[in-house]
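Listed in TrEMBL:
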TRANSMEM  54-87  transmembrane segment
TRANSMEM  99-123  transmembrane segment
TRANSMEM  135-157  transmembrane segment
Amino acid sequence: MKKSTQVAIGGLSAALCLLMMFMTGLIPFSSYVFPAMAGIVLIAVEEENGTKTAMLVYVAVSVLAMFIVPDQEAKVLFVMLLGYYPMLKSRIERAPRPIAYLLKFLLFNGVIVAFYYVMLYVFGIPDMLEGWGDFGKYTIVVALALVNFTLFMYDFLLSQVLRIYRGWFRPKILRKIT
């Protein structure tokens, strides 16, 4: 692939990621969906241009998002997990399956706990779990269970998107433009 095509893919992907991140401030309840979709866009960059370029796009989008994205939760979630996880996923899955699941579980839970503390103490957003008071002392357990389920579903969907990208999109669409 020509260098100009690689630069164009990187630039367009960064713009698309940033647009999705900006949309979190315009559409209610999109604080989690659009950062996840922005991370999925980085799959194409990694597949076509390599991990270094994909990481550069991730860093560029993360820095720009910190300045222009109005939704604090969305930009922190993108920076802390959803932006780089699609690139990290293939490396984690090189390990045997039980170890890969354990690594994902530890990564997800570590990032979610760190995310909670960053939102609470760095950005000063009030306790995000206070609306969950109905669960009583099991609030944190229920919240972590739901988050883990959601992130493992995201992981499964990333696998499917990558399979579709490699099996259909790249041969049928990208073959025509490169």
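The backbone N, Cα and C atoms fix where each Cβ goes, glycine too.
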Request  = Could you tell me what the rest of the chain brings near the transmembrane segment (54-87), counting residues at least six beyond its ends with Cβ under 8 Å?
outcome  = 10, 13-14, 17-18, 21-22, 24-25, 30-32, 34-36, 38-40, 42-43, 45-46, 107-108, 111-112, 114-115, 118-119, 123, 125, 151, 154, 158
Long-range Cβ neighbours of the transmembrane segment (99-123) (under 8 Å; 6 or more residues past either end) = 72-73, 76-77, 80-81, 85, 88, 92-93, 129, 144, 147-148, 151-152, 155
